Each structure stands twice: as structure tokens, then as C-alpha cells.
Amino acid sequence: MSSVRIECVAQQGCGVGESPLWDEQEGALLYVDITGRKVCRWNPLTRQAQAIPVDAPVSSVALRESGDYVITLGTRFAALKWKEELVTTITQVDKDKANTRFNDGKVDPAGRYFAGTMAEEVRPAVLERHQGSLYTLFPDLSVVKHFDQVDISNGLDWSLDHRTFFYIDSLSYSVDAFDYDLQTGKIGNRRSVYKLEKEESIPDGMCIDTEGKLWVACYDGGRVIRLDPETGKRLQTVKLPVDKTTSCCFGGKDYSELYVTSASDGMDKEWLSRQPQAGGIFKITGLGVKGVPPYPFAG
């Protein structure tokens with residue numbers, strides 16, 4: 001694996017960079033800065049990132065079939081028109097909870113937007129436990145809650161045959177699988193497929209490759225790991241020059257580049273001086289695998 005290359009492609013130092021997403025039509029990488037309250041789009045040709053400010057912590061971004069994007073913003077699902085820099089609320093969740101916000105989200109193969117919530121953090125990964133829930137926004141704009149008692153709702157993706165939903169609740173230190181019904185969007189039969197080792201630290205964002213293997217960013221672990229959900233084995237570890245790796249997605253012309261977001265929140269001056277690229281966006285090439293294009297929200 002000596003051909004693996006890691007490059008910091010966007011170094012604006014996100015507070016909490018998250019939810020990388022390849023927009024094939026734009027030939028660009030989307031991502032959010034949760035605490036910086038902005039949605040960013042990085043162009044590999046100009047190597048510049050454009051940012052749209054929003055009025056609350058923005059935790060995930062997804063493509064929309066009808067054009068532009070959908071985002072999770074505070075406790076709202078919202079639509080984002082890029083050129084107009086216009087955000088409109090679709091619907092709100094957790095109305096009975098004053099201190100929660102959305103975290104990671106992703107669209108399933110049928111065009112439903114899955115996203116989960118968590119309590120607002122006191123400091124990174126320190127928060128009131130069991131305050132979060134997992135939701136789905138359906139194309140008809142109705143919302144279903146799957147379960148609650150979640151600590152930090154995080155990485156999610158679907159198996160290549162769409163029969164399994166993979167999910168991370170970070171403080172469980174586990175990557176879980178559910179049976180998935182693509183027709184209804186229902187999930188069931190939860191089980192753990194991988195428990196993280198101590199040095200891997202906290203599981204965060206996740207994506208799947210065309211071989212059905214999962215890539216998980218390890219927050220405070222400074223790495224992404226490749227897992228086989230069938231055997232529960234770790235197949236590969238790629239270490240990055242920053243500790244707070246947050247999420248990953250495949251992108252580029254043929255989806256052979258792995259993009260990894262990172263965070264700088266909670267790091268003191270000395271720590272930041274050792275890791276000046278903290279909060280940057282990294283591109284990993286030479287992995288020898290490709291990813292699956294993202295699904296657009298059908299609503």
C-alpha cells in the first residue's frame with residue numbers, strides 16, 4: 001500500500017468539518033463546518049472553497065433530485081439554494097428538547113434523508129447522554145422517528161444490495177447494522193459488526209466502497225479504517241496528520257479519491273501548532289478501491 005497519498009486540499013481550519021459529499025454535476029466537494037455555521041463547496045480545478053453562512057449549526061448536506069441541496073440545520077431539515085444563498089425550513093424535529101441539534105445525515109437509495117440528533121456539546125464529545133434520536137425525512141416531507149436514547153448520532157450508509165443499514169452512535173464505540181426494507185425505509189434487528197480498539201478512539205462519519213467494505217473516520221484517532229462488515233475484521237488503517245478526523249466520502253471523476261474532513265475545535269494553541277492542518281479537508285489517493293455515488297433526496 002505504499003502508493004497511498006494524503007494531501008490537505010482545503011485548509012481553512014473548520015471548527016468541525018463534516019459530511020463530505022461529492023457533487024458530480026458540479027465536479028466539486030460539498031462539506032459543512034458545524035460550529036462555523038457554513039456550508040462549503042470546494043472546486044478541485046480552482047482549489048478554492050466557497051462558503052455559504054447559515055443561522056445555526058449545520059451538520060449535514062445532501063443532493064436534491066430537483067436541484068441544489070438539503071441540509072440539517074439546528075433541529076431543522078432545510079432546503080439550500082446555492083446561487084441565491086437561500087435557506088428555507090422544510091420541517092423541525094425535537095421540538096420538546098431545547099438543547100439538541102442534528103448531527104450526521106445521508107440519503108438512502110430510495111431518496112429518503114436519514115439524520116440523527118444529539119445534545120449540544122459542553123466540549124467535544126462531552127454532552128448530556130441519551131438525548132438524541134434517529135429520523136427520516138421522506139420525499140413527501142413527512143418525518144419518521146426510528147428510535148431515541150442516542151448519544152451522538154453519527155455515520156450511516158447502506159449495503160450494496162440495500163438490505164442492510166449501517167449506523168454509528170459514537171459513544172457506543174461500535175459500528176452497527178440493521179436489516180433494511182428499501183420499500184418502506186423501516187429498520188430492525190440491530191447488531192454490532194465492529195467494536196473499535198482503544199487507539200482507534202471514537203467512530204464518527206462513514207461511507208461504503210464498491211466492494212461493500214466500510215470506511216470509518218476515527219475522531220481523536222487520527223485515522224480512517226476500512227472494515228469488513230461480514231467478518232467484523234479491520235482490513236486497513238490510513239493515518240492522517242490530524243487527530244480529529246470526522247468523516248469521509250469517495251469522490252473525483254471515478255470516485256477513487258477518499259475525502260476526509262477534520263475538526264479543530266477543542267484544540268489548544270500548542271496542539272494546533274503541532275497540527276496546523278487541523279480542520280482541513282484531506283484527499284487520499286492510491287487506495288485501489290472506489291466509492292458509491294451519493295443518492296439525491298427525492299423530495
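Heads up, the Cβ atoms here are built off N, Cα and C, so glycines get one too.
Taken verbatim from TrEMBL:
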- 16-264: domain 'SMP-30/Gluconolactonase/LRE-like region' (DOMAIN)
- Glu18, Asn154, Asp204: divalent metal cation binding site (BINDING)
- Arg101, Asn103, Glu121: substrate binding site (BINDING)
- Asp204: active site, proton donor/acceptor (ACT_SITE)
Alpha-carbon distance [Asn154 (divalent metal cation binding site); Asn103 (substrate binding site)] in Å: 6
Inter-residue C-alpha distance, Glu121 (substrate binding site) and Glu18 (divalent metal cation binding site) (nearest angstrom): 16
Inter-residue C-alpha distance, Asp204 (divalent metal cation binding site) and Arg101 (substrate binding site) (nearest angstrom): 16
Pairwise CA distance, Glu18 (divalent metal cation binding site) versus Arg101 (substrate binding site), rounded so that it is a whole Å: 14
Fewest other Cβ within 10 angstroms of its own Cβ, chosen from the binding-site residues Asn103, Asn154: Asn103
Sparsest-packed among the binding-site residues, when each Cβ's other Cβ atoms within 10 Å are tallied, from Glu18, Glu121, Asp204: Glu121
Mean of pLDDT values spanning the domain 'SMP-30/Gluconolactonase/LRE-like region' (16-264): 97
